[in-house]
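Each remark here refers to the structure printed beneath this line.
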Amino acid sequence: MTSAIGDGPAPLDLSGITVRFGSFTANDAVDFSVGRGEIHALLGENGAGKTTLMRVVAGLIIPQEGTIRIDGRPVRLASPLDAAAEGIGMVHQHFMLISTLTVAQNVCVGIAKAGRVFPDLAKVARDLEEIGARYGLQVDPHALVGSLSVASRQRVEIVKALYRGARILVLDEPTAVLAPQEVDGLFRVLRMLAEAGTAIVFISHKLGEVMALSHRVSVLRHGRLVATKPTADTNPAELARLMIGEDLVLPTVDGAHTPGQVAIETRGVSLRDELGVTRLSDVSLAARSGEIVGVAGVDGNGQQQLAEILAGLQAPAAGAVIMASPSGPVDVSRSGPGRRIALGLAHIPEDRHHTALVDMSIADNAVLDSIDRPPLARRGFLAHRAIRAFATRLIAANDVRCTGPEQGVMTLSGGNQQKVVLGRALAHDPRVIVAVQPTRGLDLGATAFVHRQLLAEREKGAAIVLVSTELDEVLALSDRIVVMFAGRIVGAMSRAEVTLERLGAMMTGQAA
Amino acid sequence: MSSSEAAGPSPSSALAGRSEFVSSLLAVVLALAVGAVLILAWGASPVTAYAALLDGAFGSWNSLGETLLRAIPLTFTGLAIAIAFRGGTFNLGAEGQLFLGATAAAWVGLAIPTLPAPLLIPAMIVTAAFVGALWSLLAGVLKLRFGANELITTIMLNYIAILFVSYLLRGPLQEAAGYLPQTERLSANARFPALIAGTRLHLGFLLALAAVVLAHIALWHTSWGFKLRVVGLNARAALNAGYNVRLLTLSAFVVSGVLAGLAGYMEVVGVQRRMIENLSPGFGYTGIIVALLGQTSPFGVLAAAILFAGLQVGGSTMQTASGVPSTLTTIIQGLVVLFVIGRGAVDLFLARRGAK
């Protein structure tokens with residue numbers, strides 16, 4: 001395949017790439033190329049094989065079959081060093097930076113160009129500033145990486161790749177961590193780099209961004225390449241169909257709303273973090289059976305802490321958390337998650353790797369919070385057959401794409417991991433669900449699935465607290481919406497009263 | 001596909017994960033290979049030396065008995081460290097727990113020497129286990145109450161325990177003759193019968209085997225073991241799943257201390273027949289290597305304990321037969337540690353070759 005834009009052989013040309021993990025085929029004879037000065041978007045749902053393909057390019061995975069050509073020359077990329085030597089620069093979703101070092105020091109790590117034993121940091125800093133000026137990538141070479149914002153760190157990663165001589169730049173879902181204005185800034189930089197001749201691979205599952213930025217777009221589904229088209233010749237609806245293989249409508253909550261009794265509430269809850277900074281002050285929130293209460297707000301305004309207090313991972317400094325029980329309301333402020341789970345609480349935490357999943361099999365993760373309950377364990381002994389059966393049901397009910405209950409959960413794609421977390425949380429008919437960013441990083445199909453599940457639980461009478469920074473999500477699902485700003489609830493409104501202007505004003509702390 | 005896949009296996013790491021057993025075996029083989037080079041440098045034949053080593057370790061009933069005898073305390077300390085590790089804690093205090101458990105058991109045996117064996121032996125076992133557990137629990141409480149790192153506290157507690165035992169053996173518990181820092185001999189009721197006639201191998205070996213099986217069942221077939229492993233892998237997820245993480249952590253310290261205390265008991269009743277000052281040549285520390293080489297699995301620990309015991313026992317035969325100093329076996333032990341820790345690099349190398 002030759003490129004649509006540049007002349008001569010494509011800087012990067014993959015043909016027939018096949019990667020198998022055991023019996024699972026992550027990439028099935030995929031062809032992909034990117035030309036000089038081209039921005040080629042790689043689109044696909046979670047688990048479609050995008051990241052696997054790019055890990056092949058990065059030298060992190062050696063494919064079982066297929067050829068990689070750089071400028072028309074077949075190469076073998078057996079390590080990230082090989083990839084870097086061929087001019088391939090990666091910007092991973094999770095930044096590969098050391099937060100206690102400065103920007104310049106980070107750039108020097110592992111490369112001879114900066115000086116073998118004692119890197120010439122002053123020269124590196126000058127080079128970085130020069131690169132930054134050329135492409136509008138302002139970074140302070142002397143700043144500690146730990147003190148930088150997420151968007152700045154991403155710029156550091158790009159500058160680092162350029163400093164190392166990258167002619168082919170691969171960005172894995174670079175906008176997932178950025179605010180809207182920051183996305184615009186990133187796009188300006190990428191366009192400038194493309195004009196200067198850099199070949200860019202842009203991995204995403206956001207259709208709007210792909211349409212706005214790319215020259216060509218390739219769609220992966222279940223490990224196969226289903227289409228490669230010039231972006232001008234396609235449209236979002238077609239891309240969505242190619243991605244998921246069907247037309248998709250995101251569900252929304254219906255208007256009818258007859259909530260029951262209060263199932264969980266906080267009364268005047270306050271919290272200080274370990275540095276003494278007030279994170280929550282006087283937060284009172286109640287969720288009734290059969291309703292979804294959306295907690296909106298700009299990230300970092302106390303939603304995370306409120307969710308942890310509801311789930312029992314943190315104890316409030318002041319105030320109380322009350323849960324309904326068959327024998328009346330119970331103060332659970334001082335009890336941990338165990339007591340609350342017994343009272344019917346399910347928590348879908350924001351950070352599934354740190355809070356929800358353990359590096360064990362899918363089956364083990366499926367029974368993590370119910371391992372003491374018969375029939376999964378009897379008299380303290382595990383009933384392996386019952387555990388396996390439970391996991392098999394969970395996998396089927398939630399359409400977890402895997403090779404079986406014994407597969408390691410960490411080898412699943414993010415969307416499938418989230419399905420395991422969701423399936424586990426909903427497996428025991430929860431009375432209260434605390435869901436935090438339940439669709440972050442998920443593709444459209446998985447997002448729709450999560451939304452349908454939450455709505456179904458609402459129908460069954462669960463009280464749901466939905467914390468999300470995605471306004472679309474909060475608006476689509478919530479019966480009531482509260483807005484948090486600077487650790488306080490600054491406004492509450494029913495679904496009918498919501499206007500975007502009001503919401504926006506509250507989220508920025510301007511009005512109630 | 002999302003970030004999570006970064007944590008997933010590539011085909012190369014899947015190859016590596018195929019069997020932890022293989023990589024442990026590889027570490028041993030590599031260590032022996034480097035040892036062979038050292039033997040050559042010494043001017044001896046590796047074949048002769050290793051043949052003598054093997055013969056000295058397993059070549060006769062007597063040598064086999066000596067090897068398995070040496071494997072008993074290593075199995076117990078190896079299990080102690082493996083279980084603590086599974087629960088996410090590093091018990092480097094097995095040595096001190098071993099000394100205190102042994103001393104306490106000896107004290108019970110000497111205090112009521114005429115009690116019939118079926119009562120005296122369990123009384124001594126329970127005492128050794130209890131005291132070992134208490135000493136380990138101290139480190140656990142320091143960790144949970146004050147956040148004191150158990151890597152440091154357990155090692156410090158070793159010094160306290162061992163010096164305290166020295167004091168006891170030169171003072172209150174010293175033999176009447178008063179020459180050596182040791183207790184009186186235990187009565188016949190307190191001793192273990194020999195397992196194979198004509199060797200020193202005693203009943204304790206069967207107890208070590210039982211401990212391995214029990215540890216395996218506890219880790220893989222009970223909900224306690226399940227939760228302990230979850231805590232060890234991700235304590236925050238364990239908390240979120242409703243586990244009593246503090247209690248589980250303490251239980252890891254307790255079980256670990258019990259096993260270390262039993263290691264000391266075995267040496268007292270099976271080998272020395274009394275408590276002596278130099279009871280252990282570092283079983284508590286070698287146990288760390290045993291746990292590591294055994295991939296913190298109970299049966300792996302057993303195999304590693306027998307291997308290390310064989311190296312130590314066969315070393316002197318090797319020295320007699322081939323002139324190679326028996327300290328070579330210490331070097332081989334050290335190399336095994338290096339290669340086990342360097343496993344990742346070895347796996348990577350194999351994956352590369354496999355992919356070519």
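Note: Cβ is positioned from N, Cα and C throughout, glycine not excepted.
Here is what TrEMBL records for this protein:
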type	residues	note
TRANSMEM	B:21-44	transmembrane segment
TRANSMEM	B:68-85	transmembrane segment
TRANSMEM	B:97-115	transmembrane segment
TRANSMEM	B:121-144	transmembrane segment
TRANSMEM	B:151-169	transmembrane segment
TRANSMEM	B:201-222	transmembrane segment
TRANSMEM	B:243-265	transmembrane segment
TRANSMEM	B:285-311	transmembrane segment
TRANSMEM	B:323-346	transmembrane segment
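Relative to the transmembrane segment (B:97-115), the listed stretch B:121-144 leads the set B:21-44, B:121-144, B:243-265, B:285-311, B:323-346 in CB pairs under 8 A. Between the transmembrane segment (B:121-144) and the transmembrane segment (B:68-85), the number of CB pairs under 8 angstroms, six or more residues apart, is fewer than three, so the stretches are not in contact. As a quick check, the transmembrane segment (B:21-44) and the transmembrane segment (B:201-222) miss the bar of 3 or more Cβ pairs under 8 A, pairs 6 or more apart, so the two do not touch. Long-range Cβ contacts of the transmembrane segment (B:151-169) within its own chain (Cβ-Cβ under 8 Å, at least 6 residues beyond either end) map to 90-93, 95-97, 99-100, 103, 135-136, 138-139, 142-143, 181-183, 275-277, 284. Outside the transmembrane segment (B:243-265), and at least 6 residues removed from its termini, the chain residues within Cβ reach (under 8 Å) are 72-74, 76-77, 79-81, 83-84, 86-89, 91, 93-95, 97-105, 124-125, 128-137, 139-141, 143-144, 150, 207, 211, 215, 218, 224, 227-228, 230-232, 235, 279-280, 283-284, 287.
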